[in-house]
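Enquirer: I have a structure here, written as structure tokens, and I will follow up with some questions on it.
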Amino acid sequence: MAAPKSQKKKARDGPKVSKASKQPFKPRNKSLEAAQPQALPFQLQDDMPDFPRGGGSFLSRKEREEVHAEVDRELEAEENASKSNKKKNMRKKVNATEDDLGSLFGDGISGKLPRFANRITLKNICPGMKLWGVISEVNEKDLVVNLPGGLRGLVRAADALDPALDDNVEGTENVLSSLFSVGQLVSSVVSQVDDDKKEKGKRKIWLSLRLSSLHKGFTLEAIQEGMVLSACVKSIEDHGYILHFGSPSFTGFLPKPSQGTDPGGSEFKSGKLLQGVVKSIDKTRKVVYLNSDLDMVSKIVTKDLKGISMDLLVPGMMVNARVQSTLENGIMLSFLTYFTGTVDLFHLLNPLPTKDWKDDYPQNKKVNARILFIDPLSRAVGLTLNPHLVHNKAPPLHVGIGDIYENSKVVRIDRGRGLLLEVPSSPVSTSAYVSVLDIAEDEARKLEKKFKEGSKVRVRILGFKHLEGLAVGVLKAAAFEGSVFTHSDVKPGMVVRAKIIAVDDFGAIVQFPGGVKALCPVTHMSEFEIAKPRKKFQVGAELVFRVLGCKSKRITVTHKKTLLKSKLPILSSYADATDGLLTHGWIAKIEKHGCFVRFYNGVQGFAPRHDLGLEPGSDPTSMYHVGQAVKCRVTSSVPSARRINLSFTTKHSRVSEEEEVKVGSIVSGVVDGLTPRGVIVYVNGKGYSKGIILEQHLADHHELATLLKCVLKPGAEFDQLLVLDIEGHNLVLSAKHSLINSAEKLPSEISEIHPNIVVHGFVCNLIETGCFVRFLGRLTGFSPRKKATDDLRADLSEAFFVGQSVRSEILDVDNETGRITVSLKQSTCSSTDSSLIEGYFQSEEKIAKLQLSDSNGSELEWGEGFKIGSIIEGRIQEAKDFGVVVSFDKYNDVFGFITHYQSGSSMEVGSTVRAVVLDVSKREHLVDLSIKPELVKQFDKENSSSQSQKQKRKREASKSLEVHQTVTAVVEIVKENYLVLSVPEYNSAIGFAMIYDYNTQKFPKKQFSSGQSVGATVMALPSPSTTGRLLLVLKSVTEASETSSSKRARKKLAFNVGSLVQAEITEIKPLELQVKFGVNLRGRIHITEITDGSTMDNPFGDFKVGQTLTARIIAKTDKKRTSQWELSIKQKMLTESSWSEEKLNEEDFSYSSGQPVSGYVYKVDRDWIWMTISRQVNAQLFILDSSCEPNELQEFQRRFPIGKAVSGYVLSANREKKLVRLVPRSFPVPSGETSNADVTLHMCEGDVVGGRISKILPGVRGVVVQLGPTVSGRVHFSELTDSFVTDPLSGYHEGQFVKCKVIETGHSATGTLHIDLSFRSSLKGMGGLSSKELSDNVDSSYKRVEKIEDLHPNMMVQGYVKNVSPKGCFILLSRKFDAKILLSNLASGFVDDPDKEFPVGKLVMGRVLSVEPVSCRVEVTLKTNDADSEPKPKSYDFSSLHIGAIVSGRIKRMEAYGLFITIDHTNLVGLCHISELSDDHVDNIESKYKAGEKVTAKILKVDEERRRISLGMKNSYFQDVTDIQMSSDEESDGVTKENSSDDEINSTVFRICSSQVIEEENGGSAALAQVESRASVPPLEVPLEEIENPDEDNHMKPNEDRSDEVNNQDDDKSKKRAKKKAKEERERQIRAAEERLLEKDIPRTADEFEKLVRSSPNSSFVWIKYMAFMLSLADVEKAREIAERALRTINIREESEKLNVWVAYFNLESEYGNPREEAVQNVFQRSLQYCDPKKVHLALLGMYERTEQYNLADDLLGKMVKKFKHSCKVWLRRVHITLKQEKEDVKPVITRALICLPHHKHIKFITQTAILEFKCGVPDRGRSLFEKILREYPKRTDLWSVYIDQEIRLGDTDVIRALFERATSLSLPLKKIKFLFKKYLMFEKNTGDEERVEYVKRKAMEYAENTQD
């Protein structure tokens, strides 16, 4: 036993040596190093094998089998001897098995056969191995290749191509995608194996596809013809491809296929890998010729070559092999004589091998196999028998990762390893393997007990082994939970729960339940920045995350609560960014001009600064930080440019253009807060909430602006603020008085600026070369250094400051570049008004009020006692060096001050003085006084005078002092910024003047002294706006640019209205000349004041800027504080000298209709041209009056530019508005007409006018065309085209301009104007072919008829179907008359559905039958056969009918007492009584016969006198009839049925009964008598109330009847139903009899109808027919009268009859009412007083639905659900309309209905709502409702029946059967369940097979048996 043990030991050591091969045979520990010397002899012997080039063993086969048998016997002995250590030995055995399974065995390693087939794993793979694989991914930089055993390899782009091909491959981008494709089989070599740094235990396999590595050792001598070689296209030549095999010693050539033989050959590109069969070898040139035919390549088998080495073996090579032996997990094959290889169990022929798979592979069996892998080190070779791989194709996979399959079949159980399953995929099943690790632990321990072969399991696909065609599955229950199983399941925005597995500084790695991993960056771990991520996130914790993106299997998630809880839609692509979308994102970057925001899937947007919602003047970083989650709104997007603009202000206020705050407008505001930059105010403007006033814009004066900011507090108000600019939703405002005062003149666009004008602005920037002046918005001008000041040496930084208010003169405007050049020189920009000093005092006043705002301004009342110029007493309190301080007894906190100049003499402290108030500073509580005797005396004298004298003095003073008057003043007080002056010449009036001007605020101030005389100009008299002060402008301020003020004032006063002046043109505008004259006086010459005569095209063409003209002043208009002079240069004005002011100001408005006038266009809007015909009178021309050509109307605005001369004729004149309306052509004016307001005078019959389609009426009502602002005409349907065409409305749409001709005009009785128009181009003046030319081109058989006199019988006509009824239809022949077509004349054959075959508007051609010119009645037939065209004979010969004869015919009509049958080939009608229908008793005729059916009858009786025929149809009458006759009848019946239909119930409604029609038998006399005597009839079947489901409330009745039968309910309900049914049947008979009465003699005149209504006064049927008759005559008023008569006549008890008339009245007013809605409402309110309100509401609702007035229907329904909230029918109508319109969710309606309805109506409502959902809504919602109610009432078989009926209508068989199974599984009595089983059986008989039918029967029997037991 010693020898065997030692031998056994060596056998065990063998695997240990091979175990080291897991890391390419590199030993890791000492035991392996010690084992290496033992393996060395084997390796040395392997170097010298028995066969020179083979891999054979030195042991014979018999010796190997003996060794294996001996080893097996020893193992069994050891296992039996050591039972106590069984578990330990089993563990060792498993380890040994794993070692064997993971090792690679070649022929020369050991002398024993391997137990397992060779298998490539991560442990034994090593560089140098050759592997066959399939490409699964083609990326930009690498390829992913699936290898044997489910391994995954990567190929870098550099390793995919040989270096020799780098220069020949075209392009550098997407090279791999152009050369490789997914699913392509490739041979590769392992170049490198690295440990994965991210995941322990995993390794990265790097492959190379270079042929130089794959074909290493290849020589030209080794290549044989017929071999299959892999090659790479090196270059493309004219006749073929140069190939590269990886060796530089030889090349290859592949000829291009001939044209049309191989279309795929053109796909070869440089660098592409291909396979080919060696055709020939040119050893001289060293060229190998290949053939790339794929079919040939897949069939070539490598031949047995002598001396072939392992280096020549290539993966993918097909060989002939022989089975050598079977292994535990595969078979061993021998091939190519010398080589052996193994086939893994998953690479056998059968993809689903069972446990008996070894029986399929007996020894020496021949098979075809392909080489799968080659290991040169161990000389191991793997083969495959997979049928797909053998055919050189990758195995297909029909399953997807994550798919779940319920019924997967267990094919094989591998003990301790796993299960092989057959997955029922489509189109073929797929094999799947489940490892023991992927099975639940309790099940994995005992696989054989838990699973049986053939059993079904539930499996989820975990992955693929692409090369094996094998899916990897999992059975663990946890794998079926969770929404994320693979990377493909991850969608941006989805919320998942994940487990934290690692935390680092960069973030956290989390794992989803399915095993997918993701990264949560540190910025997304919380809403705020985290310093220590490991404390926030703990490994092992489970948290909720939201997926941000998934790119290249790299998933990013977030844990921000804002994003997690967001319910807004996510933005994951640029295409999803629609305007107005609200979503959440996070800030990625913050810059000064805005924020960059990131969204899901890498989408990024930008929010500009003005859309950040910041406080004006604040910085973005003060409010936002990077990583912050924000809610934003998409304002615009450009998906193609990947650009999205955002706004953080989510609510976008929508304001109309009229209310919108615009740049340049004046607003008010309230102070909200203060910032370093300025003041934040709430703006009282639409669309904007906040604005900012920069500090420099608080006032025109810099010192006051600073002081004003200091005293401002929240809540302070600004009455006037100018909008300078709009930044997003914030306004930039200004409180500068100068800008507010000139707001209307401030320009905001460059087009508003003209040279030589002076404009207010402010300095926005200063540079060395000049100064930038801003106006409104972003409009900016530049003042060069030389133009900024008069002193060229001045420093701009010392002359101006940013924000300074300035006046600028426009020097030049360049519209192309947008540059504006201005001048700021004081000599040209001096002030011409008092706005500067006026703003100064207003600012001071505001500051004073703000200072005293806490005391509510009460202290400001002291100012009333200190008016300027008043005398006040005070006490000298203190003496100073520069004056004395005065106190006042009444005002303790107010002090006065008297300078030495104003005192005149010394004063003692404590003495009382009387002084004149010169100035008051409320801000400082200081009053400047003067006690100069001359001033005190002067003002004391004035104050002591009486009130009348005071008023007189004021009047005198006002007369003496005028604006712009120059005066000499004396300086009384010199203030810091202004002077206090007195004007001695005018009673020492106190005035105020600024020391500086706008542009000289920073200049050195001129020094003044008290008592100095100065020249000044009066600019403003005392008023509230000037705070009661007299305001002046010093001469020294303006003397640089003007002459003395006195001269200017005198010159200004010298010009009066009527004066001739010399004026210089300063600017030429489109409608006026701007001129200047005198001294700085400006005026204008209106365009109508140029010439005396008619208008000229270019009246300003001869004028130039700078030209001097002689003009006469004709008017002076005051605009605010300035005056505008109106001048004229008309020759008449200049020559005549007798022009007084009164004469020039006379208003001349003498315009009459038809008067020709001319004017110039000054404005063009959407519909009007506005012209000026004089300075005071304007004119307007409507767009449709400007032309009749559509193309000219389309170019309306371009045809009339501003300034164009237009002539026309006055249509109407408005003296109050001084406005006239013109038309371009003349028109006749009635005698005595001077100023007619009729706006249709210019429209006469025959005129060709322009129009605009305002409405296309439904049906054949035509088109409404707008002709004027309030005038419209109608185009008849027959006047749309010259010839009758199929669809005359095609090509027309609302808003389209058209050319039309007025055919006829008229007025109705109410005075309404009617204008008939025509679009026919053949009419005179329409520009088309004439009527004669057109008739030549049109079929002469059909002529257009204008008059009824032109019609005659047998004439062919064309017309359009006007309306259709059961009796026939009416067609339009022309606009004046229609034609009637009876139902019998609609076609030669039977018309099944007239409404369907003759829709309204259809073009038909027919023949005139009769014409009645007096009554305008025309009858037409559409029959085309000759037989019908012949006139019918007046009588028929009854003698031809013999009693007993058999005749055939068709059922004309069915009655309760019998059938009326029309006998073939005649128009005779006979009656077959119900007793003669059958030998048996007939209960219901309608169930056995139908109208139009072909029948055979026997003549029983002929009564010629009474013209009656009695027929019989009993079978006994036809016993003697032969088969031949019957067959002939059937044949004729078949022929006739081709042109007939199954329904002809109403075929004779319009047919007039002639004398030849046989009357009915006496069986109908009872019904007729009842009709004649009855007072009312049921409602007529006319479109009074068309409801889609009129029986919604009764929809459950059939099912309830069935359930009642089953449930055996009380007989009372059955009796009531029977009684109701009998009543309905009686009503039906009466209605039919009534129609027959009417059919006998249809009334054709009003007199005939009057007779009929007198005979049946309570019949709504007759009254409504009378109304319809009047409407057919177009007499709407008469129809209304008839409706009123009917309502008065019908008995008050006949409510239903009255309701029918009311409904007809609704339809009448809806069609013809004016206004329509108001008319309908009036009738509706009246009807509520007489009829049931609920019925009336429902009737009106039906009318609204029929006429498609959905808005009115919605409003009415809203009222109905409040008024009739307990009505189930009303709520169902609300649900129905909601579903029909699809405009809102129906769920709120259902919820509200269930709250309002009584509980006993819930079942009915829910059931009907569910039915409506199935019919016109969402079936899933209907199912939910049914399921909800069945949970509460599971034993209601009627509910089950309705539910099943709805599903049957949808047709989903599986769902229907599932419902039947559920219903029939209920525990119910046999009587109840019997109904459901019958229904189930009927369904299966109709749709199923015999097997299903038997199944239902069997189940029913089982149910019955179980119930009986």
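Every residue, even glycine, has its Cβ placed from backbone N, Cα and C.
Copied straight from TrEMBL:
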type	residues	note
COMPBIAS	1-11	compositional bias 'Basic residues'
COMPBIAS	34-45	compositional bias 'Low complexity'
COMPBIAS	60-74	compositional bias 'Basic and acidic residues'
COMPBIAS	84-94	compositional bias 'Basic residues'
COMPBIAS	1592-1614	compositional bias 'Basic and acidic residues'
DOMAIN	128-210	domain 'S1 motif'
DOMAIN	316-386	domain 'S1 motif'
DOMAIN	493-560	domain 'S1 motif'
DOMAIN	580-649	domain 'S1 motif'
DOMAIN	664-736	domain 'S1 motif'
DOMAIN	756-825	domain 'S1 motif'
DOMAIN	869-932	domain 'S1 motif'
DOMAIN	1058-1130	domain 'S1 motif'
DOMAIN	1154-1225	domain 'S1 motif'
DOMAIN	1246-1320	domain 'S1 motif'
DOMAIN	1354-1423	domain 'S1 motif'
DOMAIN	1444-1514	domain 'S1 motif'
REGION	1-94	region 'Disordered'
REGION	940-959	region 'Disordered'
REGION	1522-1543	region 'Disordered'
REGION	1569-1628	region 'Disordered'
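Quick one: how deep are these features, and who are their neighbours?
Expert: Across the range of the domain 'S1 motif' (128-210), the DSSP-based residue counts are 15 helix, 36 strand, 32 coil.
In the predicted model, residues of the domain 'S1 motif' (664-736) average a pLDDT of 86.
Broken down by DSSP into helix, strand and coil, the domain 'S1 motif' (869-932) contains 4 helix, 34 strand, 26 coil.
The DSSP breakdown of the domain 'S1 motif' (1246-1320) into helical (H, G, I), extended (E, B) and coil residues amounts to 3 helix, 34 strand, 38 coil.
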Enquirer: So, taking each listed stretch (493-560, 580-649, 756-825, 1058-1130, 1354-1423) in turn and counting its Cβ pairs to the domain 'S1 motif' (664-736) that are under 8 angstroms, which one gives the highest count?
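Expert: Comparing 493-560, 580-649, 756-825, 1058-1130, 1354-1423: 580-649 has the most Cβ pairs near the domain 'S1 motif' (664-736).
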Enquirer: Could you tell me whether the domain 'S1 motif' (493-560) and the domain 'S1 motif' (316-386) are in contact, taking contact to mean 3+ Cβ pairs under 8 Å with a sequence separation of 6 or more?
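Expert: They are not in contact.
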Enquirer: With DSSP, how much of the domain 'S1 motif' (493-560) is helix, how much strand and how much coil, in residues?
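Expert: Grouping H, G, I as helix and E, B as strand yields 7 helix, 35 strand, 26 coil.
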